[in-house]
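Features reported for this protein in TrEMBL:
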type	residues	note
COMPBIAS	211-223	compositional bias 'Gly residues'
COMPBIAS	252-263	compositional bias 'Basic and acidic residues'
DOMAIN	137-177	domain 'Attachment protein G3P N-terminal'
REGION	192-229	region 'Disordered'
REGION	252-274	region 'Disordered'
SIGNAL	1-19	signal peptide
TRANSMEM	372-393	transmembrane segment
Amino acid sequence: MKREILILSAILISFSSHADSWESITKSTYQDSAMSKEKRVNNPDGSYLKSVYYIDSAMQLAACEGAKKSAESVFEQMIPLYEDTWPNSKFRLVFDGDCKYDGTPAEKDVRWFLKASVVGDMQRLIKDENPSEPTPEEICAAKSPEEGVFNNVYSNDGNRYIYYNGCEYEATGVIVCQGDGAVCAATWKPTGTVADPSDKPSSPAGDDGDTGGGDTGGSGSGGSHLSKGDIQSAIEDASPKIATDIHDKLTEKDTSADDKKQADQQTQNNINRLDDSINNLARGAGNFADPNNDVGHYGEGDSDLDLAISQAKNKFGIDKDSHGASWDVFLNNDSIRPSIPTGNGCSDFIMFSGTVYQLEIGCDKLGDIKSMLSWVMYCLTFWYVFSSITSLLRKGE
């Protein structure tokens with residue numbers, strides 16, 4: 001509790017020790033209005049009498065808040081400009097007093113407005129060019145660390161402190177203490193807290209003189225020495241933990257085997273999913289094989305697409321166990337694709353047989369097309385040979 005009071009007082013003194021000031025950049029009046037709302041007034045028998053228009057206190061306060069928000073919006077837009085003008089300064093928006101209104105909440109027979117206005121002052125912080133003398137807290141915070149053995153050590157929340165030359169120091173680094181913890185060797189760093197007159201001052205080992213106790217002074221207790229056994233015992237107690245910490249910092253767990261196992265498992269899962277996807281894609285041929293669900297068995301197997309396997313095999317010769325259900329569509333000559341004409345005789349060329357999109361080209365037409373293409377090829381061949389020969393003759397000249 002005492003430490004919290006000291007820290008709070010240090011903050012208050014620190015704020016009051018600097019004479020920084022706020023300078024007004026610009027003052028403006030910001031406004032917002034509340035619009036009246038209609039309220040119907042009826043006769044005693046419930047029939048309509050007239051309408052009145054009112055503004056209540058809540059609407060009045062809302063207009064005030066609207067005026068302040070308008071000021072804040074302008075302030076946020078001006079900050080980039082101010083930062084360019086005064087790059088090392090801070091800015092704030094201050095309202096001069098409460099909102100002012102051009103009326104009061106009331107009811108009227110006509111529609112009306114209630115205007116709220118507030119003065120917003122945009123300010124910037126001006127640093128004091130001649131700061132005051134440093135505070136005791138600043139003096140303590142600027143002190144250099146102390147090395148060595150000190151007595152009158154006290155503990156708080158697991159940390160160790162001393163009061164030396166009117167300032168508080170905290171033990172850091174390698175800390176070695178006697179059994180009761182009242183005498184410790186460490187690197188003592190200042191905390192910036194001023195010693196209270198009631199705090200018992202500490203002194204380095206071997207000093208018998210007065211070290212001071214804050215503002216009250218007073219003699220310090222006699223110096224104390226750490227024996228060789230104290231230091232050896234402290235080092236032995238700390239050695240296992242130090243070794244463990246060093247080992248943990250320098251040792252990195254080898255997770256390569258686990259990473260490989262996880263990667264292999266993920267790869268196998270992806271392969272399985274890909275295989276399932278391909279098979280299910282082929283099963284979708286059932287929708288083509290039985291689009292109107294005439295058989296009525298679609299979706300009754302283990303899979304919603306089970307019937308497609310039998311449909312694809314029976315009607316198109318697609319076997320899911322041969323080349324894979326998907327590839328068999330392209331590898332099987334009796335599959336979905338039509339027969340390709342060969343050079344052995346002539347047969348009508350038919351595509352999409354039995355559907356409204358059926359395309360049929362008879363042998364006579366195929367013969368005409370063949371003759372026409374042959375004549376074109378003869379002409380092109382003659383032209384190519386003629387061009388080649390004339391080119392060679394021109395080169396010879």
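Backbone N, Cα and C define each Cβ position, glycine as well.
When DSSP labels each residue, the region 'Disordered' (252-274) comes out as 19 helix, 0 strand, 4 coil, counted as helix, strand and coil in that order.
Long-range contacts of the transmembrane segment (372-393) within the same chain, counting only residues at least 6 positions beyond its ends with a Cβ under 8 Å from a Cβ of the stretch, are absent.
Shown for the domain 'Attachment protein G3P N-terminal' (137-177): DSSP residue counts in helix, strand and coil, namely 5 helix, 25 strand, 11 coil. Across the domain 'Attachment protein G3P N-terminal' (137-177), mean pLDDT in this model comes to 91.
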